[in-house]
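A short worksheet on the structure shown next.
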Amino acid sequence: MTLDVVILAAGQGTRMRSAKPKVLHALAGKPLVSHVLDTAEQLGATRTHVVIGHGAEQVETELDGRDVRFALQAEQKGTGHAVAQTLDELGDGKVLILYGDVPLIRAETLTALLDEVDERRLGLLTVTLDDPGGYGRIVRDAEGRVTRIVEHKDASEAERGITECNTGIVAATGTQLKRWLPQLSAENAQGEYYLTDIFAMAAAEGIEVATASPASALEVEGVNNRSQMAALERAYQRDRAERLLTEGVALADPARFDVRGRLQCGHDVFIDVGCVFEGDVTLGDGVSVGPYTLIRDSHVAAGTVIEAHSIIEGAEVAEQAHIGPFARLRPGTRLARQSKVGNFVETKNAEVGEGSKINHLSYVGDASLGGGVNIGAGTITCNYDGANKHRTEIGDDVFVGSNTALVAPVALGAGATIGAGSTISRDVEAGALAVARTRQTTRAGWKRPRKSS
């Protein structure tokens, strides 16, 4: 049987007080609606439909390249009206209705719900809450069968005492929805077409309503304002931290730690406070990450030490390297075994050989360093001529003195030595000493000029 997933993402989200559509606000570094789309992909959806309205062009742009069909809800007239915009595109098989601002729903929960659905059964995800707040309530008969769902604003005092709540997540068939949605009425307190009214229609036809519940209420938490967004972010990060702790990762403080992508850790990894991991990050056995470090789309091999306040992006780091503090590794950086990039050093598109050291206050970009190289403080590879980038090639065991400018394209042969304060613009042969600076002049007894009174 086919599966259509419908994601409702047309709301304005006025309480977010933002020009950006609510579903595009980021949770763990990814738009809310993208989390839901990822879940739909895990379910193996035949077709995925995103109902858009407010900020439609922004949503379409953000989701460009994803396998989705867009349906426009020009006027927001309720959830039933939103789903109705997709009717012409739906198959007759199973249909799952999700929400673009409910990002943490799990595929396992939805699979259990979908397993309940056929032409004689409708599926509804419910959750029991101590404080139901503004949620719709599940009304059951004496035999425990669901007879209808009443929205909070339309509920009586007795109905508001019910703690089993509607999550809004519904599983039905396309045939059922095509029959029921055109019959919806807007005669209610909100003046909207409620999707939930289809449950009364199902009951009238003798169609059973099967219910399922999430493993945690966190799965069905929605976002309406910045406070809820922040709370959901922290809940999500707590969950990620607990998983890592269970896997044996040592976190200095699980409450001060963010994963905004995929993080894989080996044995005996230590992560200090305030660290952020974005994209696809791998930390090998025994890696230590110092406080307030950002690592994005990088692989860090076993035994590497990363000191505080370092930024590592798009880098490959081999075993037992040492990075930081206050180091910045930009995309294309590859550090070999036991190499070192120290404080206030920036690298970009650079290969640093085994045991080589760039200890402090340097920029090394578009460069290749062999093994055993020492780069003195204040060394700069001058790689850009205003139009094009050029490479610097440094052989094994080269020693570069402090405050040196290497004007690319330039090559330093193996074992070469560069005197401190030099500006090197021509190749240096292997084993040679190159010094390129003006001769010092000293005037004894020099008296500085004084201002006239």
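Glycine residues also receive a Cβ, built from the backbone N, Cα and C atoms like all the rest.
In Swiss-Prot this protein carries:
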| type | residues | note |
| --- | --- | --- |
| REGION | 1-226 | region 'Pyrophosphorylase' |
| BINDING | 8-11, Lys22, Gln73, 78-79, 99-101, Gly136, Glu151, Asn166, Asn224, Arg330, Lys348, Tyr363, Asn374 | UDP-N-acetyl-alpha-D-glucosamine binding site |
| BINDING | Asp101, Asn224 | Mg(2+) binding site |
| REGION | 227-247 | region 'Linker' |
| REGION | 248-453 | region 'N-acetyltransferase' |
| ACT_SITE | His360 | active site, proton acceptor |
| BINDING | Ala377, Asn383, Tyr384, Ser402, Ala420, Arg437 | acetyl-CoA binding site |
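Overlay of Swiss-Prot feature records on the structure.
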residue	record	contacts (Cβ under 8 Å, 6+ apart)
Gly78	UDP-N-acetyl-alpha-D-glucosamine binding site	Ala186, Gln190, Glu192, Tyr193, Tyr194, Leu195
Gly100	UDP-N-acetyl-alpha-D-glucosamine binding site	Ile7, Leu8, Ala9, Lys22, Val23, Leu32, Val33, Val36, Val50
Asn224	Mg(2+) binding site	Gly13, Arg15, Met16, Lys22, Asp101
Arg330	UDP-N-acetyl-alpha-D-glucosamine binding site	Glu313, Gly314, Ala315, Glu346, Thr347, Lys348, Asn349, Gly365
Asn374	UDP-N-acetyl-alpha-D-glucosamine binding site	Ser356, Lys357, Val398, Phe399, Val400
Ala377	acetyl-CoA binding site	Asn359, His360, Leu361, Ser362, Ser402, Asn403
Tyr384	acetyl-CoA binding site	His390
Ala420	acetyl-CoA binding site	Gly376, Gly401, Ser402, Asn403, Thr404
Arg437	acetyl-CoA binding site	Gly419, Gly421, Ser422, Thr423
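Maximum C-alpha to C-alpha distance over the listed acetyl-CoA-binding residues Ala377, Asn383, Tyr384, Ser402, Ala420, Arg437 is 22 Å. By a simple count of nearby Cβ atoms, those within 10 Å, the most crowded of the binding-site residues Asp101, Glu151 is Asp101.
Across the region 'Linker' (227-247), DSSP classifies residues as 20 helix, 0 strand, 1 coil.
Confidence annotation: the region 'Pyrophosphorylase' (1-226) carries a mean pLDDT of 94 in the model. You'll find the Cα of Glu151 (UDP-N-acetyl-alpha-D-glucosamine binding site) roughly 65 Å from the Cα of Asn383 (acetyl-CoA binding site). If you take the Cα of Gly11 (UDP-N-acetyl-alpha-D-glucosamine binding site) and the Cα of Asn383 (acetyl-CoA binding site), they are about 49 angstrom apart, rounded to a whole number.
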